[in-house]
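Record features (TrEMBL):
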TRANSMEM  82-100  transmembrane segment
TRANSMEM  112-133  transmembrane segment
TRANSMEM  153-174  transmembrane segment
TRANSMEM  202-223  transmembrane segment
TRANSMEM  229-249  transmembrane segment
TRANSMEM  261-280  transmembrane segment
TRANSMEM  300-321  transmembrane segment
TRANSMEM  351-371  transmembrane segment
TRANSMEM  425-444  transmembrane segment
TRANSMEM  485-507  transmembrane segment
TRANSMEM  514-536  transmembrane segment
DOMAIN    515-564  domain 'Cationic amino acid transporter C-terminal'
TRANSMEM  542-566  transmembrane segment
Amino acid sequence: MATSTRDNDEAEPQRGYWRWSKQDFLPEESFQSWNKYVSALSHTWIRFKDRLFSRSDDATETEELKKQSEHDMKRCLNWWDLIWFGFGSVIGAGIFVLTGQEAHDHAGAAIILSYVASGFSAMLSAFCYTEFAVEVPSAGGSFAYLRVELGDFVAFITAGNILLGSVIASAAVARSWTSYFTNLLNRPENSLRIKTNLKEEYNLLDPIASGVLVIASVITIISTRKTSFLNWIASAINTAVIIFVIVAGFIHADTSNLSPFLPYGAKGVFQAAAIIYFAYGGFDNIATMAEETKNPSRDIPIGLVGSMSMITVIYCLMALSLSMMQKYTAIDTGAAFSVAFQHVGMKWAKYVVAFGALQGMTAVLLVGRLAQARYITHIARCRMIPPWFALVHHKTGTPINATLLITIASVIIAFFTGLKVLSSLISVSTLFVFMMISIALLVRRYYVRGVTPRENLLKLVIFLGLIIASSMGISAYWGLRPNGWFGYTMTVPVWFLATLGMSLFLTQQREPRVWGVPLVPWLPSLSIATNVFLMGSLEYEAFISFGACTVVMLIYYFLFGLHATYDMAHQQEKLQSKVYHRETIKNEGP
């Protein structure tokens, strides 16, 4: 049974899980009356300056904040579970759907190079995630890591993108589930969706996608251990189908389909790489399982790095087999592998592929429900959203309220929105979060409060600024002059010299206790550059949507999140002051 985190000496009776009072949603001082809220708003700038550079610490994220959930999550996972969670969270709609879409529209036969590029960038990010997950084993994942190293404000903006990416990714996978289910039943495309007169890409309502999301959520609410077992079964079936696809694809390969290899040029390869980065998204879900892992320092590195290494090889082999079975111009953008097998005379194989894809997407939805709910839980612990969503049920050991929130949001989006709209926005959010994690890792290694001299902090800020600016310059020049070279003679040396300067003129202030990213600062710096580069390869519409969502997040932050976290921080300071005063009196005696 889950263990209560309340101290035994507290006389406060245990409250039931299902409760709906105002104190459960808005307990902070600023929201107790309209006048207090108006007063808080009038001090927004002062509070913002107070919280802007306010940073958490490892102990707060891994121990203190867990008390907000009232009960602990059950530690029931090992490295074997995490490897299969890696497979389950990553291999889904991306490889089965986006491979065909991007090979046809952007990369051609060179889609394998797109997977190599995005896989390389994802592996760099996985290294950074692994060090943080071992050092700060929290359900908050990247949100917790950024709160520790970059402060509340940066963590909130990133948290917003985490939640946005999570909701949209779930909706996209659920829509793909319907597409492959339709194919498995041998019915016409979109025949299981409801056609309406709404705007294109929003006019095909998908009740099946919404239903699948609800079912997956119910399973994850019941038990993390049972979810792991079901994920293992679904992922094992999907892996068997993938092996079949690769072997059968190479048996029916026609190398003439690889010509022309680069029909859209190098720009097309990187445009596709930016979109199919979605296919690698999800590995960060493993980091959110830290509170439920028996031995995080050993199991998380094996689960993260091990699963990502195998997945990258699998993706490249699958992309190559598809490109050799069918010419890129003939690849179906909706169900690429199924149609490709029909093309080579294996009509029956489309049912095998559809069944395997359904199993893979089912696993993605199961693991996604788990991880996204844990993000929500930790964000609520910090009061960025109401603390009601932080509660962990005493019997199931799972965050039911958080799961309900993420489910409702993704069900609504999956019901209305098409995959093409969803995939590009996911990639922007995912790449942005991964870039921020790489920045945070460099800050963690080179800056420790109260230890690092001010002069070294200034150097770190300058070097980081140059790395980010030069990375943006490389990406911008690529977008404007994909066949040019002159701009790189300025931007690439700046990136190299800034990274070299960090290596030579700064001393690492903190060494990882168990597992660390090798070749610091080079690998994190390269991760920043590749993530920024891939972001710059996306179409401008994705950034318009990203910008609009960020504006909404900022409005929410200044109206609610800022004041809630400010009140919580100052309440904790008062409590600590009272405890210190009580201990002082006790020590002094009568």
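Using N, Cα and C of the backbone, Cβ positions are placed for all residues, glycine too.
Using a cut-off of 8 Å between Cβ atoms, the transmembrane segment (112-133) and the transmembrane segment (351-371) share fewer than three residue pairs, counting only pairs 6 or more apart in sequence. Residues of the domain 'Cationic amino acid transporter C-terminal' (515-564) grouped by DSSP class, helix first, strand second and coil last, total 40 helix, 0 strand, 10 coil. Within the same chain, residues 26, 28, 30-31, 37, 40-41, 44, 47-48, 50-51, 152-153, 156-157, 160-161, 164, 382-385, 424-425, 427-429, 432 sit at least 6 positions outside the transmembrane segment (542-566) and bring their C-beta atoms closer than 8 Å to a C-beta of that stretch. As a quick check, the transmembrane segment (300-321) and the transmembrane segment (229-249) clear the bar of 3 or more Cβ pairs under 8 A, pairs 6 or more apart, so the two touch. Within the chain, the transmembrane segment (351-371) has long-range Cβ neighbours (under 8 A, six or more residues past its boundaries) at 85, 87-93, 95-96, 141, 166, 169-170, 173-174, 176-177, 180-181, 183-184, 212-213, 216-217, 219-220, 224, 227, 230-231, 234-235, 237-238, 240-242, 244-245, 282, 284-286, 288-289, 335, 337-338, 341, 403, 406-407.
Counted over residue pairs separated by six or more positions, the transmembrane segment (514-536) shares at least 3 Cβ pairs under 8 angstroms with the transmembrane segment (261-280), which defines the two as touching. The transmembrane segment (261-280) shares the most Cβ pairs under 8 Å with 82-100, out of the stretches 82-100, 153-174, 229-249, 425-444.
If you look at the transmembrane segment (82-100), the same-chain residues 6 or more away from its ends with a CB under 8 A from one of its CBs are 111, 172-173, 176-177, 179-180, 228, 231-232, 234-236, 238-239, 242, 275-276, 278-283, 285-286, 289, 293, 299-300, 302-304, 306-308, 310-311, 314-315, 318-319, 322, 331-337, 339, 353, 357, 360-361, 363-368, 370-371, 419, 423. Across the domain 'Cationic amino acid transporter C-terminal' (515-564), the prediction's mean pLDDT works out to 86.
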